[in-house]
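Q: A single structure is presented below for examination.
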Amino acid sequence: MTKEKTSFPAALLKTSLGLIAIAVFFLLLCGFDWGFRKEPCQEAAQMLANSSQGMTEPLVGPIITLCPEGAIGHLAKGFQLERKRDVSQAIEEYQKAANLDSTMEQVHGSLGLLHLEQGSDVSAAAELTKALNDSRDPRYHRGLAKILNKEGETALLIYHAEEAVKENPNDLEVINWLADAYVRNGDLDKAAIEYEKVIARDSNNEHARCGLGSIHEKSGRIDDAIREYNAAALANPSDKSIHKQLADLYRQKGDKLLAEKEMELAGINPREADIASLMQKGNELLLARNYDKAVETYEIVVKMQPNRLDAMEKLGDAHMAAGRDDDAIKAYSQVIILNPSIPSLHYTLGILFERKGLLDKAEAEYKMSLQYDSKNGDPRRRLADIYTLRGNFTQSISEYNELIKLRGDNPILHFRLARLYDKNKDSRKAIDEYLEAVRLSPDNLEIRKELAALYARKGLHAEAERQYQEILRLDRNDQGIRNALLSNYVKQKKYDGLIALLKEAVDINPNDSNSHYKLGIVYDFKKEYELAAAEYQKAIDLNPDHAKSLNALGKLKIKTGELKKAKTLLEAARMADPNFTEPRELLSNIREEPNATKQRKSSRKVKVPKRKSTPKKK
C-alpha cells in the first residue's frame, strides 16, 4: 500500500502545533499561571488567615517571598526580628505594616506589647486598644491591665484583668492586680477572694499575703492581719516594710516588746519610731485645726529631741495658726539660731514682725530671706510695700524692677511699678509701665482707668480719650468713665463726640431722665432748641419732679417767648426742689418784665387835651 503524500501546508501546521505544545509545557514548568493565579500579597494574606495561631515561624519565609513590601510582608519581617530580640527594628517593621494597613490587629497588638516592654505606656495603650477592636487575645488585655494597674485605675483594670484571667487562670500577677483594683474600689470581700486564689496556688506570694493582711487590718481583724504579714515576712525576711507593718500591728494590739522587735528588723530605732509617730499625730492635729493639742504634741517631741528642727518649725506653725504670734516668733527664732539658712523661715518671721508693726525687724528678715533665695518674689514685694509705706519710693521702685527681671510677663508688677513712678512724680516712666501692663493684660479695666486718669491730669486728652473708649468697649455700662469722657469732650470742645456719647447713654438706658437732660443741654448749647426741648420733655415725662429739666425747658420757653409756659415750668421746678434758686430768679424776672414794659409804655404816652365842641349855627 502506498503512502499518501502530505501537503506542505499541513506539514507546517503540524510542526507549529508541536512547538507550541513544547513551549506551553516549559512555561507551566517555570510557574507561569496565565493570569489565573492569585495576586501574591493576597495569597500571603490568605495564608495568614488560614493560620489559627496568626503569624508563626513557618509562615514567615513564604510570606516575605510572596509580598516583601506589602503590609503582611512587613508584619512577617517584624515577627522575625522580634524573635531575634531586635526590638527597635521589629517596631519599625510593624509600624510600616500599620501605615500600609491599619486594620491588622496582630500588627497593633505586637506594637503595643513591644512599646510596653520598652516602657512607652501611652503608645502601648493606644496600640493595644486598637488591637482589641478585632481581637480577644488575652495578651492584649493583660498589657492594658498592667498599664492601668500602674495608673491606679479601677473599673477598666477590673474588666481587662478579668478578660486576661479567663484565658490564663494561673496568671497570679494579673489576679493580684485584680484584687488591688477591688481594694481601691472598696470591694474588700471580692479582693480577699482574689488574694486567697493566689495564696492557694502560691502560699509564699508576698503581695497577696500583704494585701490580705491589709484587708484584715481595715476590717479590725488584727490577729488575722498579723498572721498574713508574718507569712509574708517568712517568704521575704529582708523586706523592711513588712516588719514595719507588723510593728504597727503589734503596737495596736498593745504588744510593745514584739513591736520593738519588728521595728529593729525594719531598721527603725524604737525611740525614733515614737518620735515619728508623735510628729505624724501633731501634723494630723494641725491639719484638723486642733492647734492647742498640736502644740502639746510638738512640745513633747522637742523635749525628747531638743534640736529637732522640723518639730520646732511645726511648733511655730501651730502657734502662728492659733494667733499666738509671740510664741511663733520664739519657736521660729530658735530654728534660725540652729540653721540660719532657711529662707522660708526668715520670710515667715518677717510677716510676723510686720503684723506687730516692727517694720525694721521685718525688713531685716525679708532681706535675710532674699540673701538665701534671691529669686523668691514674696519677700521682695513685701520689702517694696514697707518702703512705699515709708514714702521711700526710690527703694520701692528698685525692688519692683528686680521683681520684673524675674517675672517680666506679670502685668500686676508693671501696674504697681507704674503707681510708684506716678507717686514719685515721674510721669513718663509711669505711662511706660502702665502701657506695658495694658499690653500684657489688655482687658484689665483698673489699669486702663489709672492710665486714662494720668493722661487727663497731664492734659493728654487725646490719649485719655482712647483709653476711655477702650474701657467703654469692655464695659459700656461704666457710668464713671462715661462722665470722665464727657468731661474730656467738653475740654476739647468735641461736641459731635459729646452728642454721640450722650445718645449712646440714652440708648443703653432710655428710662434714665438724667441722660436725656444732659443730651438736652448739649443741643441747647448748640442752639438746636427743638431737639433740646424734646430731650428735656422726655426727662420730665420719665420724672415729673426732675427740677433741672423743668428749669432748662422753662428757660428755653423764655428764649422762644412762650412766657406763660415758661412760668408754669419754672413754678414746677421750684416746687420739685425748693433749694434750687435759679427757677425763683427766673420767675422773678418774668414778673418784673411786664411791669417794666407797662411803665415804659405809659411814659411814652402824650396826653392830648380834648377840643371843646362849638355849637353849630342854626
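Yeah, the Cβs are placed from backbone N, Cα and C, and that goes for glycine too.
Heads up, TrEMBL stuff is auto-annotated, nobody curated it.
Per TrEMBL, the features are:
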- 582-595: compositional bias 'Basic and acidic residues' (COMPBIAS)
- 581-618: region 'Disordered' (REGION)
- 172-205: repeat 'TPR' (REPEAT)
- 206-239: repeat 'TPR' (REPEAT)
- 275-308: repeat 'TPR' (REPEAT)
- 309-342: repeat 'TPR' (REPEAT)
- 411-444: repeat 'TPR' (REPEAT)
- 445-478: repeat 'TPR' (REPEAT)
- 513-546: repeat 'TPR' (REPEAT)
- 12-36: transmembrane segment (TRANSMEM)
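Thinking about packing and proximity, how do these listed features fit into the structure?
A: Within the chain carrying the repeat 'TPR' (172-205), a Cβ under 8 angstroms from the stretch's Cβ atoms is held by residues 142, 145-146, 149, 152-155, 157-158, 161-162, 164-165, 211-212, 214-215, 218-219, 231, 234-235, all 6 or more beyond its ends.
Note on the repeat 'TPR' (206-239): mean pLDDT across this stretch is 94.
Cβ atoms under 8 Å from those of the repeat 'TPR' (275-308) belong to residues 268, 314-315, 317-319, 321-322, 338 of the same chain, restricted to positions at least 6 beyond its ends.
Same-chain neighbours of the repeat 'TPR' (411-444): 384, 388, 393-394, 396-397, 400-401, 403-404, 450-451, 454-455, 458, 474, counting only residues six or more beyond its ends whose CB sits under 8 Å from a CB of the stretch.
Residues of the same chain lying 6 or more positions beyond the ends of the repeat 'TPR' (445-478) and with a Cβ under 8 Å from any Cβ of it are 411, 415, 418-419, 422, 427, 430-431, 434-435, 437-438, 484-485, 488-489, 491-492, 504, 508.
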